[in-house]
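Engineer: Here you go, one structure.
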Amino acid sequence: SVDEDAHDEL
Amino acid sequence: MNIFRFAGDMTHLISILVLLLKVYATKSCSGISLKTQELYGIVFLARYLDLFTDFISVYNTVMKLVFIGSSLAIVWCMRFHRVVKRSYDRDVDTFRHYFLVGGCFLLALFVHEKFSFREVFWAFSIYLEAVAILPQLILLQRSGNVDNLTGQYVLFLGAYRGFYILNWIYRYFTEDQFSRWISCVSGLVQTALYADFFYYYFISWKNNAKLKLPA
């Protein structure tokens, strides 16, 4: 699950 | 995902493959700073704490595992591999990198997006990555001549964050609530640190000469 502030960049 | 970020990730991956090639093909780590490799290991471990809790995509998870695995493998090789560790020159790799770790962690305690365990460690990893190349650049200046693979490793490693800067500009103009100022400012500092290396690399490429950094 991806919470809203997950960092999507490596 | 946009083309700039993908190009950045691929450039980063290439830099790691070039480093692995150098160490495994030549069984030597001459010209490589163990301290920079250790800093990168800390960067990835601190940044990817959410590796098992937040699933973004297969690509994201695989790349995180590759970055963590490769940085720890290089550190292991330079410290413990029977043949490789002999070529590690401790006397030129003298940067006191623990100050960088302490300083970046202190900064992250004060400057972060949210005061949570994960966000403080994420900001710490961003700040640390910006300065992680310093021991490597200092070592190259000390050791004078730079072998091709090491030069290409540093070149790609520096270029990848440059692509990320284009990615942030693109996202700023295409996404309404996009604000990654911690990454942007650190990414600009990180890329700026490579400026003189890029200059001397370009000069050596133009003159088709061996890359030499002035002491």
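A Cβ is built for glycine as well, from the same backbone N, Cα and C atoms used for every other residue.
Please treat TrEMBL annotations as automatic predictions, because they have not gone through curation.
Keep in mind the model is a prediction, meaning the values are calculated, not measured.
Okay, these came from TrEMBL:
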{"type": "SIGNAL", "residues": "B:1-25", "note": "signal peptide"}
{"type": "TRANSMEM", "residues": "B:56-77", "note": "transmembrane segment"}
{"type": "TRANSMEM", "residues": "B:98-115", "note": "transmembrane segment"}
{"type": "TRANSMEM", "residues": "B:121-141", "note": "transmembrane segment"}
{"type": "TRANSMEM", "residues": "B:153-173", "note": "transmembrane segment"}
{"type": "TRANSMEM", "residues": "B:179-202", "note": "transmembrane segment"}
Engineer: Compare B:121-141, B:153-173, B:179-202 by their Cβ pairs under 8 Å to the transmembrane segment (B:98-115) and return the stretch that comes out on top.
Structural biologist: B:121-141
Engineer: For the transmembrane segment (B:121-141), which stretch among B:56-77, B:153-173, B:179-202 has the most Cβ pairs under 8 A?
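Structural biologist: Ranked by Cβ pairs under 8 Å, first place goes to B:179-202.
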Engineer: Below 8 angstroms Cβ to Cβ, which residues of this chain, lying six or more residues outside the transmembrane segment (B:153-173), approach it?
Structural biologist: 2, 4-5, 7-9, 11-12, 14-15, 18-19, 22, 32, 133, 136-137, 140, 146, 180, 183-184, 187-188, 190-191, 193-194, 197-198, 201
Engineer: Please indicate, using numbers and ranges, the residues of the same chain that are 6 or more beyond the transmembrane segment (B:56-77) and have a C-beta under 8 Å from a C-beta there.
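Structural biologist: Distant contacts of the transmembrane segment (B:56-77): 1, 9, 12-13, 16, 19-20, 23, 29, 32, 34, 37-38, 40-41, 43-45, 48, 84-85.
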Engineer: Using a Cβ-Cβ cut-off of under 8 Å, list the residues of the same chain that are 6+ residues beyond the ends of the transmembrane segment (B:179-202) and lie near it.
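Structural biologist: 111-113, 123, 126-127, 129-131, 133-134, 137, 140, 151, 154-155, 158, 161-162, 164-165, 168, 171, 211-214.
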